[in-house]
Amino acid sequence: QKMAELLGLRDECGEGALGAPVLTSSCLADNRLTLDVYPDGCYQLLRLFEGRRAEVVQVELLRLSSNDHLLDAVLGILPHLKRLKSLVLKGGHARDEFGLCQHGSLRSLPPDFGTLRCLTHLDLSFNSLSTLPSCISRLPSLRVLLVSHNSLVALPEDFGSLSKLTFFSAMKNQLKDLPRSIGELAMLEDLDLSENALEFLPEEVGNLHSCTELDLSGNQLSSIPDSLANLKSLRRLHLHSNLLVTVPASLASLPNLSRLDLQNNCLRAVPAEIQTAPFVHLRGNPLGETEPSLPADEPNATELRRLFLASGEDSFTVTSEGCKVVLACGIRFYFPPGAASDPLRIYFRTLAPDPQWVKLRHHDVLLSRVLELQPHGVKFQQEVQIWMPYASPETLQQREVVVRTFSGQSWSDLRTQVEQKRKSKKHMAHCSVLHFSWFLVVSRLVQNECKVPTEGTLLFSSVDPNIKVTFPPGVTEETRNVKLQVLSVSAEEIAELTADAECQASPLLCLSQDCLVDFLRPVRIQLPLPLGVTGLNLDRSRLHLLRGDLQGQTWDDITSQVVLEFTHLYAIFEVTHFSWYWLWYSTKTYIGGIAKKVYERLRMYQVNFIALQRKKDPEQVLLQCLPKHKVDPVLKKLQDRYRGPEPSDMVEMFEGEQFFAAFERGISIDMDRPDCVDGCLSFIFYSHLKNMKEIYVTSPVDRKGQAVKGQVSFYRGAVPDSIPEDATRRRKGPDSLWLATLPIKLPRLKPRWGENPSSLNGFSFPPLNLGNAETGYLTQANLLSIARRVGADWQTIGLNLGLTYQQIERIGYNNREDLDKQILDMLFSWAQQNSEDPDCVSKLITAMKESGRQDIADEIETIIELGRQKYRQSIRRVGLEQESSTEDSAIAM
C-alpha cells in the first residue's frame, strides 16, 4: 500500500504523481501488456504490479522497451509472471543525435528467470548482451529466441539443452565460434547466424536434421564442414559474403534445397555439380567468364575480387588482398591490396539527412543522402576510394561538387573528382579516405585557396579572374591557409529583388582564413565595378563598399573607413582581417538594409506543394514539395497514376528547412509512424532531393454513405539557426507558420483495387478472396481494414502466420520509412501465398490469437460469420425460386 501511494496508483485513467498517464484496465485485456509504445512503459508496469498484482501475474504476452531507464527495476518482476508465454525486451526505441537506433541497456537477466516454464517466445534484440544469460538455457518450453543486434562473442556450452527451440536468430553479433551442443537442437527449423565473425563451424551442425533455412552470410568462413550435406530438410542455405575458397560438391544433392547463395566469396573453382545447379548463386566470385566486369576506369579492374551486394545486404568483408565493391544503390568502393592487414567486416547504411547534425553552409546544396561506414575511426594502411552517386544540379557555373565527411565533431570537405558514366549518365563524386565515418555530397560555391607565406603571394578567383587578393611580403609571421569564394548576382536579379532598375552590385566576395590573428600588413583586394559603372562615369557618392559578418546578418557600409582607388574597371581597397565584401551602386542611403534583404532572398527557393491521390486507391496520398521549375515535369510523370488539385501557390523556403503536413477535416493518419510529430508528418526541404512521402489516410467518418471532403495543410517547423533574424521575425504570429492548404476527397467506400463483383442470384462476391462461400469470405477490403488495426505487432503476427524471420526483416527494411507499408506488405504477401488454401482464414484467426490480438481475431470472426449468413440467405432464396418454378409447371400441366 505504501508503494502504491508512492507511485500514485489509480485504477481509473488519470495522471499519477510523476505526471505520467495511468493505464486503464483495458491494457490488461486478454492477458496482454504492450508497453514498449509508451516512453515510460517500465514505470507503468511497476505501478500495475504494485496495485493490481493478481491481474498482472496472469499476463501471457509482455512487450517492454529496453531503452527505458527503469528496466533494471522491472527485471525483478519478470520471474513472478509464471504464465508468461511471449516476452519482448527490445532496444532500438530511442535514437541518437544522428538518427541511429540506440541499443537497449539490458546486459543480464535475473537467475530465477529460468523458472518461466510457459515461456515459448523471447526477443532480446538490440541490446548490450556480451554473453547469453545462463538462465535462458533452463527455459524448457522456449521455441523462438531472438538475440540479434547484441555483442555476443560466444554461446554457452549447454545451449543444446533448449530441446524445443525451432527458431534462433543471433544475427549482427560478434560470435567467433559455436558450441558443439548446437547439434542437439533436434527441432530447430530456422537458424540465423549472419553478420558475425565465425571462422569455422563444428561438424555437429550437420545434426540439425529439422533445419529448413540456415543463414551464415556475412561471416569469415573459409570453409564449411561436409556434414552440412546431412541436412536433408534444408531448403535455403545462405553463405554469401564470406571468405570461402571451396565448398563440398555434396551440397548440390540436398533433396529439398531451392537456394544456395555463394555470392561474394573467394571461390576460384567450384565443383561442376554446384556450378550447374539452377538454384546456386555465384555472382561476385573470381570465376572469370561467368562474372560481369566493372567499368574499366576502376583501378586494377581485372585483378581484384569483386563484390556486388543486393539491396537487402548491409555489410561485406575486406581482406589483405583487397577488393572492389558495388552496392545496390550505386555506391562503389575500391580497397587496394594491403589496405586492411586482417579481415575486416565493413558495415554500411544510408540515412536521411537531419539538419540537426547535417550543418550546411550558406549557399550549399545537398545532393545525396548520408552514407555511414563502420567501423568508425579504423585507419587503413592505404587510401580507400569511394564513388558516390548524386543528384546533378541544374548548373555548375560558379559551383563545385565535393564529398563532405563528419569526424564526430565537425564536417570537412574532401578533395573530390566528379565523373559521369557514359552509359547510365549518372554523376559520381570520387574521393579517397583513410578513415570511415559519415559522408555526403554537396554543391558549394567554387573555392580557391592558397597558403600565404611570409614572402607574400597572389590569389585569383577562378570564377571571375578580375577578382584578386594581393598579400605583400611580411603580411604574416607563420604560413596561413586562405580561402576565397565568389557569388555572382545578375543585374536582373538585383533589379527584381530591390524593385530599383538603377541599383547595381558587384559579385559578392567571401574571404576566410584559418588564423584568428589579423594580418601584419594590409591585404590589397581588387573587385570589378558593378555592371555599367566605369571609372569615367563613376559618381562616388553612389558607390558603397559593404562588409558582412560570417552569417550575413549585418552589412555595414565601410566606404568612409577605407581608401578606395579606382581604375577604369576596378575598385581597389586594403584590409587587415577577412570578411565578406560587396560593392553597391545606388542612390539609396541605407544600402546595408537593402543588401541584407537581397542576400536573404538569394538563399531562398521558390517552391510549390502537391497533394495527389492514387487513381486506383484514393486513400493512398502522395505529398511533395518541389522547386517551382520542377513542378510541371513531375506532374507530367505522375498524371497516369495519380489525380489531385492544382499545386499550391508559391512559397519560399531555405535549404534544410523543416515543414509539416497536417491532415484536417475528417482525415487522419497513423500516429505511430516514426516521422509523425504531434499528429503531423515531418519533412525536411532539400532542393535537389525528393521531399516526397506516400502514405495511407483514413477517416473516422462512416464513408459507406457519403464521401469525405478533407484537406492537408502545410506548416513551417522550427526556424533553423541559420535563418536571418529578419526572416525569423516575419515568421511569427498566428498565421506565420501556415504555408498552403490543398483539398483531399475520400469517395464512398466501394470494392477497391479493380474488384469487379460478380452476381450470384442477387448476392455479390468479389472474385478474389480468402476462404470460400460456405465457410465465409475475407475480401481485400476486409484485409485493408484489418491492416489498419495491426500497428506495431505486425512482426509477431507475421511470424505466427509462418513468414520467416528473414522475410520479416526484409519487409521492414524495404519499407523502413513507412509503418503502413510494412503492415500491408506483410499481410498481403501472406494472403497471396495462401489464397488457394481453404483453411487460410482460420490460420489468420489463430495467428492473431497467438500474437495476443484477440480484438482482431474477433473482428475477423464477425466478418466471416456475416459472410456465412449472407451465403445461407442466398441459398435459401435460390431454393425458394426453384420450388416456385416447379409448382407453376404442375399447374400448367
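The backbone N, Cα and C atoms fix where each Cβ goes, glycine too.
Model, not experiment: these values are computed from the prediction.
Note: HIS435 (active site) has non-local neighbours HIS376, GLY377, VAL378, LYS379, PHE380, i.e. same-chain residues 6+ apart with C-beta under 8 A of its own C-beta. Residues or ranges marked as active site in TrEMBL: HIS435 (among others).
Among the features that TrEMBL reports, active site is placed at SER437 (among others).
Per TrEMBL, the feature active site maps to HIS577 (among others).
As annotated by TrEMBL, active site applies to SER579 (among others).
Annotation comment: TrEMBL describes 312-445 (among others) as domain 'ZU5'. Mapped onto DSSP classes, the domain 'ZU5' (312-445) shows 0 helix, 64 strand, 70 coil.
Sequence annotations record features per position, and here TrEMBL assigns domain 'ZU5' to 446-587 (among others).
The domain 'Death' annotation in TrEMBL covers 779-864.
Mean predicted confidence for the domain 'ZU5' (312-445): the pLDDT average there is 88. Around SER437 (active site), the C-beta neighbours below 8 angstroms that are at least 6 residues distant in the chain are GLU372, LEU373, HIS376, GLY377, THR405, PHE406, SER407, GLY408. Burial estimate for the active-site residues (HIS577, SER579): highest at SER579, by number of other CB atoms within 10 Å.
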